[in-house]
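As structure tokens, the structure follows; a few thoughts come after it.
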Amino acid sequence: MSKFLQKINSPQDVKSLNREDLPDLAAEIRDALLNTISKTGGHLGSNMGVVELTIALHYVYESPKDMFIWDVGHQSYVHKLLTGRKERFHTLRQYDGLSGFTKREENEHDHWNCGHGGTSISAAVAFAKARDLKKEDYNVLAVIGDGSMTAGMAFEGLNHTGHLQTDMVVVLNDNEMSISTNVGGMSAHLSQIMTGQVMTKIKREIDQLLLAIPGIGKDISHYAHKLDEAIKGVFIPGRLFEDLGFRYIGPVDGHNTEALIDCFESIKDLKGPTLVHVITRKGKGYKVAEDEADVWHGASPFDIETGTFHKKASNPNYTSVFAQAMIDLAKEDESIIGITAAMPDGTGISKFGKEFPERTFDVGMAEQHAVDFAGAMALKGLRPVAAIYSTFLQRAYDQVVHDVCLMNIPVVFAMDRAGIVGEDGATHQGLYDIAYLRTLPNMVIMAPKDENEMRHMLKTAIYHDGPAALRYPRGAGLGVDLDPKMKELEIGKGEVIQDGKDIALIAYGHMVRPAEEVAAKLEEKGISVAVINARFVKPLDEELVLRYAHSTQCMVTLEEHSVQGGFGSAVLEALHKEPSERAFQVKCIGVGDLVVEHGAPALVRRDLKIDHNGLLETISDFYDQVMEISPVAGMGHQGNGNHNHSSNGNKENVANPPLRSDLRKSAIL
Ligand SMILES: Cc1ncc(C[n+]2csc(CCOP(=O)(O)OP(=O)(O)O)c2C)c(N)n1
Ligand SMILES: CC(=O)[C@@H](O)[C@H](O)COP(=O)(O)O
Ligand SMILES: [Mg+2]
């Protein structure tokens, strides 16, 4: 067991160590990170890079009174280890375990829930301003990476902080990496900054020398500062931050605990906003993670000795099928372009970029810009595919509305990670995209039943003359054969997977296969089940929905999405557009009005009752309830919930009796 880490149960314990012991503590923390993340998976590279920085912060400041606001929060594991969560660290990102991001509910040292980047400065300046308004006394520090600093929101926070001149600190953790190599002017800007403290030291020594000159020293020092400004303007572009109203300090060696502690102690009581530029190395201390920082940003379980991932045999994942489909289509059509917001590998756009570098754009962590960039490109006749996770597209909602849909611009939104994502948890679930897109004029929205249909939908979306969005889940597909040629689907048309008379299961996207599996079980019980692949939620195949609503006793909608405003809502709306001689019995299955936390997808789906057993139970119970309300022959089912065939096994064919009025209202959901 470790010599130092084992004694640390709070930041106070960090302070009790001698400075010369801190490098050993850092080494022990790196061991703990490797030992845990090799089992649980997680953001290894980012956390290995902030070990000394986090130690220094807790050594100098008084958390939780002093507030650390981590941007994205994927690099907060060291913070968790030092704030009383060491014993639970092995539960990282596991079901019912520690979150992979900071969470207020988890610990008093976590002041801001995160997961989406760019929010830390806005939160920090607000916390600092609240402190001042309430005449309280504590330090506030935002810790933001160079990748997250490319988020527009980060600039909004910087801009306002510079205006307010609030006493706070922004620690810019610059490892020259986003998930992949960082991109954009800011990245170039930062990498120009001279490393090491040489420049800072020289400036301080000159200043002291000049001020020591009696009489004229002050004036010369003033002019030297002017000279310094000029030099900075040329060589040290920390100038950008100073022009925004920040005191710029750095760059500081982010792996030198002494230097970091000295730096934070020297700025701790400074007035106004200070930006400390820290230079770190992503993956520090684990060579493969240093050498391939993009690969090791989000590590799946691995063997520490060999640095190899424990690969689980599985079907091709949706992302790789998407990437290949993009490549195949782009070979035929040079107007197709791929756009990602700092997620080239996660979306598969990096694979597309290897084939078509000049038609591939990584805009940084800037989803809003990505959407507008796509829209304007489309107006010039290009066919942009904006590959943005369902959850991250939330960041660009008004751009989708205002800059694409209202102008009816043909942009394709390829929303990977739709549905339950698993270990990333609440902030990353793809559970809201149907609802947030379904209200938008001109938007066509679809979801494939498998990876083969996704290819057809991608082509359909690309050649649709207006905005189109397709959603598909994280991880492996069904392993179905891929049709050699992609075809365009008829927009707004669903697919009858199997016919049936008693109950219709109308499923959306990757819930079609689970619906088929439940249907097979119900058929074993003598229930005749129709299974519909809706394919489109907008425009919905209303004719198909109504046909089965009338021809069966009841209908169940299935989606891996919030039930509120999702696919089921669209079906309900369609069923009640026109008066009907009967009430429709419809059960909408999806995710209820709740926050869906982190954990293995199978466990999360089990809890949400959208796994096989949950679906089977819910649908069976619903069907029995319907039979009790309006007992009809159908397959000879009696109202008492027992299912038996008439003596000759024929299905009595009885018209659906009208529901009693008092049940009408209860028969809808
Ligand atoms: C709004 C948003 N878009 C995309 C992501 C995906 N993402 C997570 S971390 C990351 C890069 C972070 O880079 P940086 O801030 O430099 O941190 P590092 O991992 O290098 O320490 C990205 C793009 C996100 N979390 N939030
Ligand atoms: C922290 C962050 O937002 C990303 O690293 C995210 O965790 C990637 O998710 P995937 O692993 O699904 O690509
Ligand atoms: Mg970085």
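Please read every residue number as a count from 1 along the shown chain.
Using the three backbone atoms N, Cα and C, a Cβ is placed for every residue, glycine included.
Features as listed in TrEMBL:
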BINDING   H74, G147, S148, N175, Y286, E367  thiamine diphosphate binding site
BINDING   D146, N175  Mg(2+) binding site
COMPBIAS  640-650  compositional bias 'Low complexity'
DOMAIN    316-480  domain 'Transketolase-like pyrimidine-binding'
REGION    633-669  region 'Disordered'
| message | What whole-number Å value do you get for the CA-CA distance of N175 (thiamine diphosphate binding site) and D146 (Mg(2+) binding site)? | response | 7
| query | E367 (thiamine diphosphate binding site) to D146 (Mg(2+) binding site): how many Å between their Cα atoms? | reply | 16
| note | Here the Cα-Cα span from Y286 (thiamine diphosphate binding site) to D146 (Mg(2+) binding site), rounded to a whole number of angstrom, reaches 21
| said: For a quick check of packing: other C-beta atoms within 10 Å of the C-beta of G147 (thiamine diphosphate binding site), how many? | reply: 31
| Counting other CB atoms within 10 A of each CB, which of the binding-site residues S148, N175 comes out lowest? | N175
| Listed binding-site residues adjacent to ligand 2, that is, members of H74, D146, S148, N175, Y286, E367 whose C-beta is under 6 A away | H74
| task | Looking only at C-alpha atoms, tell me how far H74 (thiamine diphosphate binding site) is from D146 (Mg(2+) binding site), rounded to the nearest Å. | result | 14
| Least buried by Cβ count (within 10 Å) of the binding-site residues D146, E367 | D146
| task | Could you tell me which of the binding-site residues H74, S148, Y286, E367 have their C-beta within a distance under 6 angstroms of some atom of ligand 3? | result | none
| Max Cα distance spanning H74, G147, S148, N175, Y286, E367 (thiamine diphosphate binders), Å? | 31
| task | Identify which of the following binding-site residues, namely D146, G147, S148, N175, Y286, place a Cβ less than 6 Å away from any atom of ligand 1, and list them by sequence position. | result | D146, G147, S148, N175
| remark: Using a 10 Å radius on the Cβ of Y286 (thiamine diphosphate binding site), the other Cβ atoms enclosed count 21
| According to DSSP, which of helix, strand or coil covers E367 (thiamine diphosphate binding site)? | helix
